[in-house]
Amino acid sequence: MIHARIAGTGSYLPGNPVSNDDLVARGIDTSDDWVVSRTGIRTRYLAPPDVGSSDLALVAAQRAIEAAGCAANDIDLIIVATSTPDYIFPSTATLLQSKLGIGNNGAAFDVQAVCSGFVYALSIAEKFIRSGSHKRALVVGAEVFSRILDWTDRATCVLFGDGAGAVVLEASERPGVLTTALHADGSHHPILCVPGNVATGQVVGDPFLRMDGQAVFKFAVKVLGDVAHEVLDAAGVAADSVDWLIPHQANIRIIQATAKRLGLSMEKVVATVDRHGNTSAASIPLALDLAVRDGRIRPGQRVVVEGVGGGFTWGAALIDF
């Protein structure tokens with residue numbers, strides 16, 4: 001039987017960390033105490049104007065490919081999860097394919113599921129590999145969310161950051177990705193959205209992120225707990241067999257509440273929201289790569305990754321690393 005396992009991870013954060021006090025100095029009506037007490041966020045990274053999602057994705061991808069011990073030309077599938085693509089089209093994945101110098105070698109496409117995008121992309125790639133149609137996939141979450149923030153809205157602009165994370169997923173006789181679960185409920189779309197588009201050369205509607213924070217919190221805590229239990233039950237394993245939980249890094253309170261629902265201590269949770277802020281589809285692979293490189297996540301350990309994003313969309317994956 002063909003399985004899909006993670007062979008390498010990589011990540012990239014642009015520039016220097018931007019603190020809450022830095023935002024205050026830029027004229028944002030907030031304070032370090034206000035942001036930290038409500039979200040746990042202390043810093044985030046903001047890409048310069050000439051850097052797009054494909055640029056961030058390129059560095060993260062190169063690092064993941066190097067960690068996997070393969071060459072770029074060995075990749076025959078690229079899936080990029082992003083809500084902030086470089087262009088309306090072509091896809092960021094095809095731009096990344098070109099920047100990697102891969103050329104005509106397999107498929108490349110984007111997935112848009114906002115903050116759960118990486119879990120969606122990972123699940124899709126795993127299915128491609130298990131089918132036998134592809135052997136080595138590059139799965140990337142990359143975002144420049146700073147481009148869609150209303151910097152006069154202190155309730156949202158302090159929450160988000162830019163970055164990219166990537167994994168190389170390859171065919172293996174040894175199980176890696178054990179189970180995945182994906183869900184969506186579009187009836188909740190007004191709670192978290194960017195309700196605008198481009199038509200006839202003009203921005204139609206509102207081009208900035210809008211969010212009902214309390215509604216997002218309640219929904220996220222419920223579905224993240226549910227979907228984590230779903231992948232554990234599907235694999236027939238208990239929560240106490242999990243070595244690490246890597247949730248979407250939106251808010252430390254959501255992360256703490258999710259861990260509590262699973263009966264896991266925070267010592268088993270990889271939390272980077274304090275350093276990275278909410279990087280949407282990039283948050284999970286960023287946290288994963290950090291924990292791999294600092295030695296917390298080691299071969300043979302069991303990891304749950306999970307995310308929830310606008311739509312709403314949500315999902316989880318159980319992985320033997």
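The backbone N, Cα and C atoms fix where each Cβ goes, glycine too.
Record features, source Swiss-Prot:
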type	residues	note
ACT_SITE	Cys115	active site
ACT_SITE	His248	active site
REGION	249-253	region 'ACP-binding'
ACT_SITE	Asn278	active site
Quick one: pull the CA-CA distance for Cys115 (active site) versus Asn278 (active site), whole Å only.
9
Between the Cα atoms of Asn278 (active site) and His248 (active site), what distance do you get, rounded to the nearest Å?
8
Taking the Cβ of His248 (active site) as the reference point, list residues of the same chain whose Cβ is under 8 angstroms away and which are at least six residues distant in sequence.
Cys115, Ser116, Leu224, Asn278, Ser283, Ile284, Glu306, Gly307, Val308, Gly309
According to DSSP, does Asn278 (active site) fall in a helix, a strand, or coil?
strand
Work out, from DSSP, the number of helix, strand and coil residues along the region 'ACP-binding' (249-253).
2 helix, 0 strand, 3 coil
Under a three-state reading of DSSP, tell me whether Cys115 (active site) is helix, strand or coil.
helix
Across all chains shown, how many C-beta atoms besides its own are within 10 angstroms of the C-beta of Asn278 (active site)?
22
